[in-house]
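J.: Annotation comment: TrEMBL describes 23-46, 58-78, 90-108, 179-199, 219-238, 250-268, 274-295, 307-329, 349-372 as transmembrane segment. Per TrEMBL, domain 'Major facilitator superfamily (MFS) profile' is recorded for 179-389.
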């Protein structure tokens, strides 16, 4: 969620500290991430916590993210309507920094709570003996690699080979030999690729349709809010529906269908179309980044999840290159008529977004195939594990 908000936050940084100095802004972007990692990495430690503590602290992080998102939307709309002076931007930016620092308080409280002696420890239990794990938990225990197969061994008897009985704990090479890997990969090219191509070109689309500079800047900033809502909401809602028996890939089907309509709205070119289209495309694009890692871990297991997830994530830049360069860029250059190779009018991007709408619909069909293939898997393993965790 915070990654989704980063675009709007960085725009506030530019408007407050570096307006008119893009070189200095790029220098900040080059130095700050590395400097932040070096300064804060000594604080990263592993603490044993309970499920109750985890949910309490995660709810705190979620609440702070929602507050930051609401504040950013308020500031973006206020600046768009009144054009804030420099002193007002400094004040609003300082308050934004305070909101961004609020998770430190949550982390400090969690650290303090972790030092309190547990009241659940029974005097009859030997401290040297490990606590019994609940049935269906899926955690890797150091020194006991076989424990991660607990769920698989208890459920494999009821699964056939075509329903992922070996789906738990796959490595990358084994996962790439499955149909489900490639269904997920191609669906992500259609969804993530076309969504990223939209944000890469949204300012130029606005220019061709006659949007003002302030409106185009606001669209880019608001895109980050929609991206956040997609990342945050899709994970939250899919978790709720998973416990009610709905397989998580169904939400990928829904978001890709919605993404198709979003591209059609952008292609239509009617007045205000970018405001509606950017909301739909932004939320659906963010949803893909929330759903894909979770589905990856559930279908292929968590032990090699990092490798498999980052391999599937390559779909985003691949799709972006195909749609941004080979489709949008090529058609835009063909339509450009002015001396500076600029294009104005609905014809500049209409065909491109009709093509991307067709691609998103193809992704919808592929995601639906993945949903059909994994329904039984989710019903017999993932849902079972979630109910007993």
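Just so it is clear, glycine is given a Cβ too, placed from its N, Cα and C backbone atoms.
What TrEMBL says about a protein is an automatic prediction, not a curated fact.
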J.: Taking 3+ C-beta pairs under 8 angstroms (sequence gap of 6 or more) as contact, is the transmembrane segment (349-372) in contact with the transmembrane segment (274-295)?
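T.: These two stretches do not touch.
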J.: What residues in the same chain, six or more past the boundaries of the transmembrane segment (307-329), come closer than 8 Å to it by Cβ-Cβ distance?
T.: 170-172, 175-176, 181, 184-186, 188-194, 196-197, 200-201, 292-293, 296-297, 300, 349, 352, 355-356, 359
J.: So what's the mean pLDDT when you look at the domain 'Major facilitator superfamily (MFS) profile' (179-389)?
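T.: Mean pLDDT across the domain 'Major facilitator superfamily (MFS) profile' (179-389) comes out at 90.
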J.: Counting only CB pairs under 8 A, let me know which of 23-46, 58-78, 179-199, 250-268, 274-295 has the most with the transmembrane segment (219-238).
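T.: Ranking 23-46, 58-78, 179-199, 250-268, 274-295 by Cβ pairs under 8 Å to the transmembrane segment (219-238) puts 274-295 first.
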